[in-house]
């Protein structure tokens with residue numbers, strides 16, 4: 001057994017050593033695109049056009065001037081690795097030695113980890129292999145990650161812009177690294193922290209003349225994903241007597257006006273082509289606004305989750321929905337922590353749901369608190385549910401859209417959410433088509 005294990009480790013180190021010694025990135029990229037046809041995790045065309053993308057902050061010239069040198073070690077180098085069991089390419093991961101969260105990508109797509117090894121001897125965590133190429137755990141906050149899709153690149157742009165915003169009322173620059181607690185949706189929830197959800201949108205239905213704020217009825221939620229588009233649930237546009245016609249951004253109190261809020265009319269509603277109002281499937285839509293949003297500290301687009309699976313224990317929902325079943329709606333934006341329910345449990349709970357003839361599908365997931373007491377509720381539909389990662393103190397990644405549930409916060413009745421990753425290609429084709 002010891003001999004076999006030694007042989008396995010030797011082969012892994014040999015593979016990693018070979019790939020890190022390979023200077024021909026173009027040849028590797030060609031192999032990358034061809035072989036991704038046989039994997040669950042796919043690389044879009046935009047990855048071919050961006051040889052190096054940055055996460056979080058600008059990369060200075062010193063960090064990028066010699067990328068090929070980070071692809072190889074010295075001839076006598078011994079690569080320190082650890083093997084993670086059961087992780088596939090594209091999976092969420094945590095490094096064994098420091099607990100940093102990341103995702104599993106090919107070794108040559110995470111140059112910063114390679115440089116860390118060469119300079120500091122930092123351990124490399126191997127998730128799996130593809131065609132003898134090591135797939136390693138690459139921290140989400142690393143600056144050197146090759147080939148990102150457009151929504152990931154836009155996330156970086158939006159947050160870099162937010163850090164550079166000059167707040168004229170205070171004369172300082174917004175760092176984006178700390179969220180300021182707010183004052184005291186969601187059943188069992190708490191008020192949101194200021195700056196944590198600048199992408200939150202409230203959908204409105206104009207009543208009468210619509211000349212006054214009282215003439216707008218606020219219902220569903222949504223998430224700003226670009227300068228012109230808001231993401232929401234398809235049923236929010238089809239379940240009433242008329243569709244929503246207004247979006248409010250930058251508001252934390254719906255019953256109060258503020259200098260930060262922006263009210264913008266809806267120009268076009270784009271339902272997912274497979275959505276049918278008679279079923280709960282493909283419950284997702286994009287709202288095109290009549291004008292571009294003005295970005296500020298309080299208003300900027302969301303970051304969209306880039307991985308096929310969540311593999312995180314909890315998510316955070318936000319909205320202005322009811323604070324109890326059939327109770328009054330909340331005027332204050334609130335948030336609640338929810339447990340991600342195992343997919344098999346989710347399928348079992350909703351196996352007899354009339355509007356789910358095929359049961360829970362891959363494009364859906366459940367979240368809640370099975371003992372009861374915490375949940376999204378009426379009025380939260382269409383609002384985003386988020387992953388909060390320690391590396392990004394003030395950035396919430398949208399992982400899903402609130403779709404439906406049995407009751408609010410009842411035991412063994414988690415809410416059902418549209419899984420964002422399943423529709424990421426569709427979102428990008430519409431919201432970022434000018435790019």
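Glycine too: its Cβ is placed from the backbone N, Cα and C atoms.
Owing to the predicted nature of the structure, the values given are computational and were not obtained by experimental measurement.
Feature annotations, reproduced from Swiss-Prot:
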type	residues	note
SIGNAL	1-27	signal peptide
DOMAIN	92-138	domain 'Clip'
DISULFID	93-137	disulfide bond
DISULFID	104-127	disulfide bond
DISULFID	110-138	disulfide bond
DISULFID	179-303	disulfide bond
DOMAIN	186-432	domain 'Peptidase S1'
DISULFID	220-236	disulfide bond
ACT_SITE	235	active site, charge relay system
CARBOHYD	255	N-linked glycosylation site
ACT_SITE	283	active site, charge relay system
DISULFID	346-366	disulfide bond
DISULFID	377-408	disulfide bond
ACT_SITE	381	active site, charge relay system
In whole Å, how far is residue 283 (active site, charge relay system) from residue 138 (disulfide bond) when you measure between their Cα atoms?
32
Disulfide-bonded residues near residue 137 (disulfide bond), in sequence order, restricted to 104, 303, 366 and a 10 Å Cα cut-off
104
Among the disulfide-bonded residues listed here (110, 138, 346), identify the one with the smallest other-Cβ count within 10 Å.
346
Could you give me three numbers for the domain 'Clip' (92-138), the DSSP helix, strand and coil residue counts?
13 helix, 22 strand, 12 coil
Which listed residue (93, 220, 366) has most other Cβ within 10 Å, given these are disulfide-bonded residues:
220
Looking only at Cβ atoms, how many others are within 10 Å of the one on residue 381 (active site, charge relay system)?
26
If we check Cα distances from residue 283 (active site, charge relay system), which of the recorded positions 93, 104, 235, 255, 303 wins as closest?
235
How many Å separate the Cα atoms of residue 93 (disulfide bond) and residue 303 (disulfide bond)?
19
May I ask which of the disulfide-bonded residues 104, 110, 346, 366 is closest to residue 255 (N-linked glycosylation site) if we compare their C-alpha atoms?
366
Provide the number of Cβ atoms within 10 Å of the Cβ of residue 235 (active site, charge relay system), excluding the reference atom itself.
20
May I ask you to report the DSSP-based helix, strand or coil state of residue 220 (disulfide bond)?
strand
Are there any residues in the same chain, six or more apart in sequence, whose C-beta is under 8 angstroms from the C-beta of residue 236 (disulfide bond), and if so which?
203, 219, 220, 222, 244, 285, 381, 382
